[in-house]
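Engineer: The structure follows.
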Amino acid sequence: MLGVGVSPGIAIGKAWVVKEENLSITQQSTRTPTEEIERLNDSLVSVRRQLEQIKERAVRELGDKAQILDAQILVTQDEELLGVVREHINAGKTAEAALESGVEFYAKILEGMDNEYMRERAADLRDVGGRIIRHLLGAKQQDLSNLTEDYIIVAEDLTPSDTAGMNKTHVLGFVTDIGGRTSHTAIMARSLEIPAIVGTKEGTSRIKSGDLLILDVAEGEIIIQPDSAQVAMYEKQRTRIEAEKQRLQKLITEPSLSLDGHKVELAANIGTPKDCTGALNNGAEGIGLFRTEFLYLNRDRLPTEEEQFEAYKSVLATMAPRPVVIRTLDVGGDKEISYLNLPKESNPFLGYRAIRVCLRQTDIFRTQLRALLRASTFGNLKIMFPMISSLDEVRQTKRILEEVRAELKQEGASVSSEIEVGIMIEIPAAAMISDVLAQEVDFFSIGTNDLIQYTTAVDRMNEGIAHLYTPFHPAVLRLIQTVIENGHKSGIWVGMCGEAAGDPALIPLFLGMGLDEFSMSAISVLPARELISRLNREELKKKVPEILQAGTAQEVKEKMGALGY
Amino acid sequence: MLERQYTITNNQGLHARPASLLVQMASQSKSSVTLIKEGKEYNAKSVLGIMSVGAQKGDVISIRIDGPDEAETDTKIQALFKTNFGE
């Protein structure tokens with residue numbers, strides 16, 4: 001079976017399939033109501049205990065965000081709900097049928113509310129209900145937090161809440177039916193350095209729990225129930241990859257220099273303060289993109305200034321004196337935050353997202369900027385604004401930043417005077433006027449994930465057109481070249497923080513174009529450093545015009561391949 | 001019996017977290033605790049009861065406490081609202 005390999009390596013192990021099974025529920029009981037109530041009470045106690053354990057782990061890993069579990073625990077002892085359930089039992093129903101009716105009764109009420117947040121709580125309620133019903137029926141609890149052996153996790157897709165409580169020490173790999181290089185599963189797998197293949201379409205239908213699997217990420221291949229010869233071959237390959245990793249380890253403290261002595265910066269993209277460890281262990285020279293969305297996701301209200309301050313301070317202090325580029329809130333698009341009650345849009349990637357939200361809901365933005373500026377004295381902070389499409393946005397954004405700075409100064413707070421302010425170039429409009437924008441900012445960071453989707457009009461979440469989504473499209477590469485040139489003309493540095501920055505097939509081209517900073521998944525840093533040490537920057541620079549003359553993505557690949565790196 | 005009016009000031013209304021806190025508080029009480037909105041009564045010892053009120057920011061509700069420790073419960077619940085459920 002084939003998919004898209006998104007986090008490198010080879011995994012060999014047993015499958016754990018996360019699947020919503022259809023539970024068959026008998027309606028009329030053959031037991032007495034007293035017996036049914038006893039069954040119910042037993043299950044309620046056990047499930048409450050399970051939830052408390054999950055909560056303990058979640059509190060350790062997520063802190064404040066675990067609070068949603070409190071409400072779930074309360075549901076297991078809810079007077080009103082259990083009152084309704086007991087009535088159904090007394091009318092002759094089984095405990096599971098009675099519970100299902102009771103849960104549905106309240107879930108429907110929550111769903112009927114004109115408040116997105118409350119509607120989502122209906123899913124939480126059904127989740128607890130399902131947990132109790134599975135316990136009543138003796139069905140296995142599909143809970144990633146309680147893995148006690150090593151498994152390869154197979155699922156339709158994994159959400160941030162699935163992976164938050166997951167016991168990562170027992171996860172050997174991931175296989176999902178849907179998703180691409182930039183889906184949550186892919187990004188998380190890379191940051192955990194766990195092999196993953198996504199977008200297999202039929203993973204959960206073809207793989208059964210307990211099947212032996214081999215994931216060959218380089219080939220995007222999943223072998224189900226391999227024979228012993230295959231296992232032996234892949235074991236050998238895995239050992240070789242490990243040895244290669246060891247060899248690269250030696251480059252951790254080396255600078256990133258090309259063969260002809262040109263220095264670039266290789267930085268890591270991170271999503272939480274904890275990811276700094278991975279960045280440092282992989283020799284990153286800085287953080288080129290700290291996505292701040294984690295502070296806002298999986299919770300029921302906005303993060304306070306203090307919470308944000310602590311997170312920014314922690315990253316800045318851990319990485320100091322290395323540079324840390326922190327991107328302000330990039331919500332909207334595929335990243336929904338229920339408590340902001342943003343209206344559903346038919347075209348969210350072209351809608352109310354990122355800087356557009358921040359410039360309208362300025363209270364949210366100001367809180368984040370206050371936290372960032374206050375944290376600035378703890379390290380080398382650079383602030384970056386996402387989804388810039390016009391000069392007006394840059395000016396407005398900078399004005400707000402200055403207002404916040406003045407406000408803090410008045411309060412007597414200390415703020416670093418050396419904070420660089422930059423923008424993401426991920427919209428073709430911004431790339432086209434990058435000469436103008438360069439005069440207003442201290443740096444550019446090219447966000448290739450969105451730049452590709454906006455330039456080629458290819459939805460990066462749409463499986464059906466995934467083959468059209470490619471960083472090799474000459475239009476994308478010409479825009480990148482334009483941005484780098486315009487940045488350098490104004491004397492500012494230009495980085496890249498999309499997936500393409502870590503792609504060994506493209507690094508030679510970007511180096512030739514003069515890219516100053518490459519920010520990528522931590523695991524890509526050392527291989528990139530090794531590659532760059534073999535490249536001659538001046539020679540590559542001469543090849544760039546010819547490569548950009550290519551008419552198709554395929555021609556670009558061929559021309560790049562002909563360079564022989 | 002004690003009854004007191006409150007205005008909801010939480011941004012998301014009585015959502016899961018404040019509802020949980022109120023229920024935890026009410027459940028510790030030996031008295032009956034009832035939330036009243038627009039004449040309808042809801043059991044304040046039930047998280048689903050409270051959440052199904054659908055109380056939004058700006059809504060006015062009453063809380064009625066009736067039983068042996070009503071004064072003590074009333075003080076605790078007042079404190080909860082006064083601190084805006086810690087938000």
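Please read every residue number as a count from 1 along the shown chain.
Every residue, even glycine, has its Cβ placed from backbone N, Cα and C.
These numbers come from a predicted model, not from an experiment.
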Engineer: Look at the phosphoenolpyruvate binding annotation in TrEMBL, where A:ARG327, A:ASN449, A:ASP450, A:ARG460 are given, and name the residue from A:ARG291, A:ARG299, A:ARG356, A:ARG360 listed for that site too.
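Structural biologist: That phosphoenolpyruvate site, as TrEMBL gives it, pairs A:ARG327, A:ASN449, A:ASP450, A:ARG460 with A:ARG291.
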Engineer: Give me the DSSP three-state residue breakdown of the domain 'PEP-utilising enzyme mobile' (A:148-220), ordered helix, strand, coil.
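Structural biologist: Per-class counts: 24 helix, 19 strand, 30 coil.
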Engineer: Hey, of the binding-site residues listed (A:ARG327, A:ARG460), which one tops the CB count within 10 A?
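Structural biologist: When each Cβ's neighbours within 10 Å are tallied, A:ARG327 tops the list.
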Engineer: Averaging the per-residue pLDDT over the domain 'Phosphotransferase system enzyme I N-terminal' (A:3-121), what integer do you get?
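Structural biologist: It averages 84.
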Engineer: Would you find the one among the binding-site residues A:GLU426, A:ASP450 whose Cβ has the most company, meaning other Cβ atoms within 10 Å?
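Structural biologist: That would be A:GLU426, with the most Cβ atoms nearby.
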Engineer: Between the recorded positions A:ASN449, A:CYS497, whose Cβ has more other Cβ atoms within 10 Å than any of the rest?
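Structural biologist: Of A:ASN449, A:CYS497, the one with the most crowded Cβ is A:CYS497.
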Engineer: Within 10 Å of A:GLU426 (Mg(2+) binding site) (Cα to Cα), which of the binding-site residues A:ASN449, A:ASP450, A:ARG460 do you find?
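Structural biologist: Hits: A:ASN449, A:ASP450.
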Engineer: Whole-number Å distance between the CA of A:CYS497 (active site, proton donor) and the CA of A:ARG291 (phosphoenolpyruvate binding site)?
Structural biologist: 11
